[in-house]
Amino acid sequence: MSAKSNKIGVVQLTILTMVNMMGSGIIMLPTKLAEIGTISIVSWLVTAVGSTALAYAFAQCGMFSKKSGGMGGYAEYSFGKAGNFMANYTYGVSLVIANTAIAISAVGYGSELFGTILSPLSIALWTIFTLWLATVLNFGGARITGNISSFTIWGVIIPVVGISIIGWKWFDGSMYVNSWNPHNVPTFEAIGVSISMTLWAFLGLESACANADAVENPEKNVPIAVLGGTLGAAVIYIVSTNVIAGIVPNLELANSTAPFGLAFAHMFDETVGKVIMGLMVMSCFGSLLGWQFTIAQVFKSSAEEGYFPAFFKKITSKDAPVVGMITITALQTLLSLMTISPSLNKQFNVLVDLAVVTNVIPYLLSMAALAVLLKAENVAPQKYKTTVFVAFIGSLYSIYALYAAGEQAMLYGSIVTFIGWTLYGFVSYKFDLKK
């Protein structure tokens, strides 16, 4: 009885799933979407359907998979150890890239907060400083940084949800309509350009079932919570980014490095805008703090499985994989310098497109393996058919996201993938030689 009383219900899990999905990915999106116009609402709708399908399929993976290693374990059902390696490798690389983009977001809001104009090199150097600061603070272990991250996430959620509710008072319908497609880009192309950015806001949906053990009747309630949480996050994302487009003129929004702060300044005054910018910087850094530790843990787990070099699994007395953290941040430093662009927004866009491409690869591997996973675990026929169909929708969306990311991101993403196959060749003897 006491064990049951400690379980959470479907409504609580739905809210928890939604909150976990809403991170710092949203804070730069109004700027990127303003470059395309308010036609990007169609991209949001496409991504909402695709992301919900992926999240539901991942919830089923988590419910029924008997293999460890997250997406790598799912992929192993169809693709063996090579698939496990590639899923974990591309996922790890995507997190390295994504965290660099999060650091750039923090720098963008920080520069607006303090009223400074940064050169391309200065942006890179401040990004590097932010990454190293987050890494060093993680040397003390996960508990402190976990507590900080769970608090600072509200620095994003409160303004985003707030503007979704009260922003309509300042919404100008004619401004929104005039911003529909300011550059007269063909409709299909305009929708495609925005897909990477809208999917960026949902990265992390693969962990939607992480709280399955804490819920009553998980087989029934987890899929409901995942669907509800993903759709709830989608509604807030769509409403918040679109209401801003009716508050701030399109050109001004497209050139901003702190769009939510700018919107609140338009709604109230500069002081309120600065407060929102401060909250966003705090939240961004808190998110970065948590994700820097998470990346090191992903690499550590892969090293323990024998996929990555052994030094990634070395830990200190405080259970912090410090050597791995330093190595990862060194790679991020190099990435920050390699992607220096004429503006902060351009550098952010390059990193987001590449992060999405590398993150979608383990999504595709997991979706493709789901049919075998469900058969191996003797899932009921009707549930099997429904889940495989939903996974197919998720796969179609993932392939479209790859196409929409553009030639440059696909080129670099392909190189990253081919490097992965090469690296697997050096460790495959541990798994593929017949004993």
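Keep in mind that glycine also has a Cβ here, set from the backbone N, Cα and C atoms.
Annotation comment: Swiss-Prot describes 8-28, 39-59, 95-115, 117-137, 148-168, 185-205, 224-244, 275-295, 320-340, 354-374, 386-406, 409-429 as transmembrane segment, evidence class sequence analysis.
Note: the stretches the transmembrane segment (386-406) and the transmembrane segment (185-205) are in contact (3+ CB pairs below 8 A, sequence gap of 6 or more). Only sequence-distant pairs (6 or more apart) were considered; of these, at least three Cβ pairs between the transmembrane segment (320-340) and the transmembrane segment (95-115) are under 8 A, so the stretches are in contact. Remote same-chain partners of the transmembrane segment (409-429), defined as residues 6 or more beyond its termini with a Cβ less than 8 Å from a stretch Cβ, comprise 81-82, 85-86, 89-90, 93, 196, 306-307, 350, 353-354, 356-358, 361, 402-403.
Three or more CB pairs closer than 8 A are found between the transmembrane segment (8-28) and the transmembrane segment (275-295), so contact between the two stretches is assigned (pairs 6 or more residues apart).
Segment contact is absent for the transmembrane segment (354-374) and the transmembrane segment (117-137), given fewer than three CB pairs below 8 angstroms at sequence separation of 6 or more. Long-range Cβ contacts of the transmembrane segment (39-59) within its own chain (Cβ-Cβ under 8 Å, at least 6 residues beyond either end) map to 33, 180-181, 187, 190-195, 197-199, 201-202, 205-209, 212, 222-223, 226-227, 229-231, 234, 237-238, 241-242, 363, 366-367, 370, 387, 390-391, 393-394, 396-398, 400-401. Spatially, the transmembrane segment (117-137) is adjacent to the transmembrane segment (275-295); three or more Cβ-Cβ distances between them are under 8 Å for residues at least 6 apart in sequence.
Ranked by number of Cβ pairs under 8 Å to the transmembrane segment (185-205), the listed stretches 148-168, 224-244, 275-295 are led by 224-244.
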